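Let me begin by presenting the structure, written as structure tokens, before commenting on it.
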Amino acid sequence: MQKYLTLADGTQWIGTAFGDRSIEGAGQLVFNTGMTGYQETVTDPSYLNQLIAFTAPLIGNYGIDPTVNQAATLGTQAVIVHELTTFSDHYTSRQTFDNFLTIHHVPGLQGIDTRELTIHLRQTGTQAAILSNQPILNFDAKFASLPLKALTPQSLPVALPKPTQPHIVVIDFGEKTAITTALIKRGCQVSILPATSSLKHIQAYQPDGILLSNGPGDPQQYPAALPLIRQLANRYPLAGICLGHQLLARAFGAKTYQLTFGHHGLNHPVKDLATGQVWMTAQNHDFAVDPASVTTTPLQITTIELNDGSVEGLRLPGRPVMSVQFHPEAHPGPLEAGQFFDQFIQMLHHQEVSANA
Ligand SMILES: NC(=O)CC[C@H](N)C(=O)O
């Protein structure tokens with residue numbers, strides 16, 4: 001069965017269907033350059049209502065491991081690959097990628113040159129796209145006819161904290177499981193609360209620290225969260241990751257903007273401005289903090305991306321508050337930036353963030 005990928009600029013790619021053959025998808029088309037980690041990527045809630053094209057030439061070759069999902073449901077609108085492997089004999093695999101997408105009602109397109117598509121997106125910028133079962137006659141009408149997906153809230157909060165363990169409340173904007181796991185692995189107890197929670201409600205959990213999670217969409221779409229974030233940052237040690245970082249910036253008056261084609265991959269070098277140390281990081285974002293706007297706020301830039309110089313980290317001098325644009329929890333990706341969580345846990349003891357945080 002043929003499937004048609006049509007971009008807002010009218011360009012079209014034709015390939016073969018996989019995943020849920022009957023379903024069509026529409027949203028922003030992004031490319032991901034990771035050589036591995038397709039399962040963590042398609043289950044990452046930050047890809048809500050996006051179509052993901054993988055530049056790696058072979059996808060699906062180690063199957064699906066039920067333990068690595070980043071969320072229980074898939075928010076992605078479609079998956080686009082060059083070549084799909086239809087069998088997998090890896091020892092952790094329990095099903096094929098094709099079958100996994102079918103069960104989760106996500107359509108796929110295989111057999112197109114995703115590197116050519118990526119070059120096109122790098123030249124024209126991120127744009128809307130539709131994966132359809134028939135050629136498209138009217139892009140806008142078809143786009144409007146296809147349903148948007150909604151986020152499924154993460155698991156319920158855990159029981160009251162044990163006095164011996166630091167208790168972290170994660171504010172859930174679309175939290176990835178690996179963030180919670182990274183905190184639990186470091187001895188924390190974690191409660192996940194909806195982003196609509198009131199300060200009073202959060203305080204009732206008696207947190208030792210707050211983590212603002214990653215999440216989908218434009219950070220401008222979350223104005224209601226900003227007063228809460230300011231209140232939390234003034235009361236608790238606080239860390240932000242990706243969307244959480246962007247919202248922390250906005251809460252203190254900085255601006256965010258859309259990158260031309262986003263950062264979606266596993267080998268983005270970032271530099272710690274205090275130490276000069278460079279980490280290879282996993283990234284997944286289309287928006288970024290405007291560095292010029294940070295100078296008008298109490299925040300300080302701590303880290304930058306070496307490919308394009310974009311802002312990768314912030315701190316609030318005098319308060320145990322810091323954030324990163326990249327994904328220290330990785331999954332997929334390199335784990336070397338995981339020290340962000342160690343610094344966060346140090347901060348819980350009400351220490352000022354060290355200059356290299
Ligand atoms: N992974 C994230 O939290 C992504 C943040 C935001 N949705 C962006 O695309 O920039």
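Glycine is no exception: its Cβ is also placed from the backbone N, Cα and C atoms.
Here TrEMBL flags C242 as active site, nucleophile. When secondary structure is read from DSSP and collapsed to three states, C242 (active site, nucleophile) falls in the coil class. For C242 (active site, nucleophile), applying a Cβ distance below 8 Å and a minimum sequence separation of six or more within one chain yields S46, S213, N214, G215, N284, H285, V324, Q325, F326, H327.
The active site annotation in TrEMBL covers H327 (among others). Secondary structure at H327 (active site), as computed by DSSP, is strand.
According to TrEMBL, the feature active site maps to E329 (among others). Sequence-distant neighbours of E329 (active site): residues of the same chain at least 6 apart with a C-beta under 8 Å from its C-beta are K176, A178, I179, T181, A182, I241, G338, F341.
Non-local neighbourhood of Q246 (L-glutamine binding site): P219, G240, T256, H285, F287, A288, V289, Q325, each in the same chain, at least six residues away, with C-beta under 8 Å from its C-beta. Annotation comment: TrEMBL describes S46, G215, G217, L243, Q246, N284, F287 as L-glutamine binding site.
As annotated by TrEMBL, domain 'Carbamoyl-phosphate synthase small subunit N-terminal' applies to 1-132. The residues of the domain 'Carbamoyl-phosphate synthase small subunit N-terminal' (1-132), classed with DSSP into helix (H, G, I), strand (E, B) and coil, number 30 helix, 47 strand, 55 coil.
Feature annotation from TrEMBL assigns region 'CPSase' to 1-167.
With respect to Cβ neighbours within 10 Å, the binding-site residues G215, G217 differ, and G217 shows the lowest count. By the rule that a residue counts when its Cβ sits under 6 Å from some atom of ligand 1, the recorded positions G217, C242, L243, F287, H327, E329 yield G217, C242, L243, F287. Per the record's binding annotation for L-glutamine, residues S46, G215, G217, L243, Q246, N284, F287 show a top Cα-Cα distance of 13 Å. When secondary structure is read from DSSP and collapsed to three states, N284 (L-glutamine binding site) falls in the strand class.
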